[in-house]
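One structure below.
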Amino acid sequence: MENGGGDVPENANDHCPGTQSEAAGKADACAGCPNQQICATAPKGPDPDLLAIIERMNTVKHKILVLSGKGGVGKSTFSAQLSFALAEMDYQVGLLDIDICGPSIPKMLGLEGQDIHQSNLGWSPVYVESNLGVMSIGFMLPNPDDAVIWRGPRKNGLIKQFLKDVDWGEIDYLVVDAPPGTSDEHISIVQYLQIAGIDGAIIVTTPQQVSLIDVKKEINFCKKVGVPVLGVVENMSGLRQAFSDMKFVKPSEAGETDATEWALNYIKEKAPELLSIVACSEVFDSSKGGAEKMCQEMEVPFLGKVPMDPQLCKAAEEGRSCFTDQKCSASAPALKSIIKKLVKTK
């Protein structure tokens, strides 16, 4: 195969001009190449800001991307709880939200309404605790309901600014919560972090095939751009809920009426032992093996399953850690197990 200069992907067409060439993604030789769109939209040539990014990232020991193929699979919830857990393990942690159009991290960390402050060292993160700092475009919006209607170059510019201007200080982990899919933001964050040494990516999915189809694309994206896949997390892996927390309804032709009080009183009287058990239900179809089987097929690590836990959803809504009390009894142990695997790997 005859190809151009350096930075030529293994699966490139003949006569590839190289990913850093001005002709990348645009030359005749690029037609039909699986990398064409990525090459055409990626920044070209030496970037004068890269040195500033390298210098800033030198104070960060580990850099972890959290990705998903689809939205709504709990990626930001996982990023938030991962950051809470690492901070509670006495690590110095930064959480960077690069979901420019849908920044949910401020709410999930209980930081809505906070502002970014600047000093002579750069932008200061907003701190949850002394060892957990957060940065998000959500802190820059005058109104949290404002839509961010930006094209790719402007999004990429803000991501670059986050990386070179935020003063994280000396930290152990930088967790980067990315938007779903494989878009401009992903190309930019990978390009900028690779020069500073990225540990890899965690990919979050739900068990059903409609989600796993897109996760496979996400894994292939990571392989294509050279980002190690640290592992896949199967989130919402079956509903787990204490029987005593369930609601009951009585259907009729006129509609549904709440029967919770009656049902719980009946159970207390007739079968009180039921109140101490946890009800389980497979919400999503995992009959084809779910994420675990997919990981075996694609030869990437499987980190574990996190059940759908209403108490975890409530913790995210309230912007708090699920590890500080016993309420998230279904999800917290599963999350802890996954996070211990990650820390051990690091």
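Each residue, glycine too, has its Cβ placed from N, Cα and C.
Pulled from TrEMBL, these are the features on record:
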| type | residues | note |
| --- | --- | --- |
| REGION | 1-21 | region 'Disordered' |
| BINDING | Cys16, Cys30, Cys33, Cys39 | [4Fe-4S] cluster binding site |
| BINDING | Gly69, Lys70, Gly71, Gly72, Val73, Gly74, Lys75, Ser76 | ATP binding site |
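Taking the features listed in TrEMBL, we show where each one sits on the structure.
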{"residue": "Cys30", "record": "[4Fe-4S] cluster binding site", "Cβ contacts under 8 Å, 6 or more apart": "Asn13, Cys16, Pro17, Ala23, Ala24, Gln36, Cys39, Ala40"}
{"residue": "Gly69", "record": "ATP binding site", "Cβ contacts under 8 Å, 6 or more apart": "Pro180, Gly181, Ile203, Thr205, Ser211, Leu212, Ile213, Asp214, Val215, Lys216, Lys217, Glu218"}
{"residue": "Lys70", "record": "ATP binding site", "Cβ contacts under 8 Å, 6 or more apart": "Pro180, Gly181, Thr205, Thr206, Val210, Ser211, Asp214, Val215"}
{"residue": "Gly71", "record": "ATP binding site", "Cβ contacts under 8 Å, 6 or more apart": "Gly102, Pro179, Pro180"}
{"residue": "Gly72", "record": "ATP binding site", "Cβ contacts under 8 Å, 6 or more apart": "none"}
{"residue": "Gly74", "record": "ATP binding site", "Cβ contacts under 8 Å, 6 or more apart": "Val204, Thr206, Asn235, Met236, Val306"}
{"residue": "Lys75", "record": "ATP binding site", "Cβ contacts under 8 Å, 6 or more apart": "Val66, Leu67, Ser68, Asp177, Ala178, Pro180, Val204, Asn235"}
{"residue": "Ser76", "record": "ATP binding site", "Cβ contacts under 8 Å, 6 or more apart": "Asp97, Asp99, Ser104, Ile105, Met108, Asp177"}
Long-range neighbours only, meaning 6 or more apart in sequence with Cβ under 8 Å: which ones does Cys33 ([4Fe-4S] cluster binding site) have?
Asn11, Ala12, Asn13, Cys16, Cys39
Looking at Cβ-Cβ distances, which residues of the chain lie under 8 angstroms from Val73 (ATP binding site) while being 6 or more apart from it?
Pro180, Val204, Thr205, Thr206, Ser211, Asn235, Met236
Using the centroid of the Cβ atoms of Gly69, Lys70, Gly71, Gly72, Val73, Gly74, Lys75, Ser76 as reference, list every other same-chain residue with Cβ within 8 Å of it (recorded ATP site), in sequence order.
Ser68, Pro180, Val204, Thr205, Thr206, Asn235
Given the [4Fe-4S] cluster site residues Cys16, Cys30, Cys33, Cys39, which other residues of that chain have a Cβ within 8 Å of the mean position of their Cβ atoms, reported in sequence order?
Pro9, Ala12, Asn13, Pro17, Thr19, Ala24, Gly25, Ala27, Ala29, Asn35, Gln36
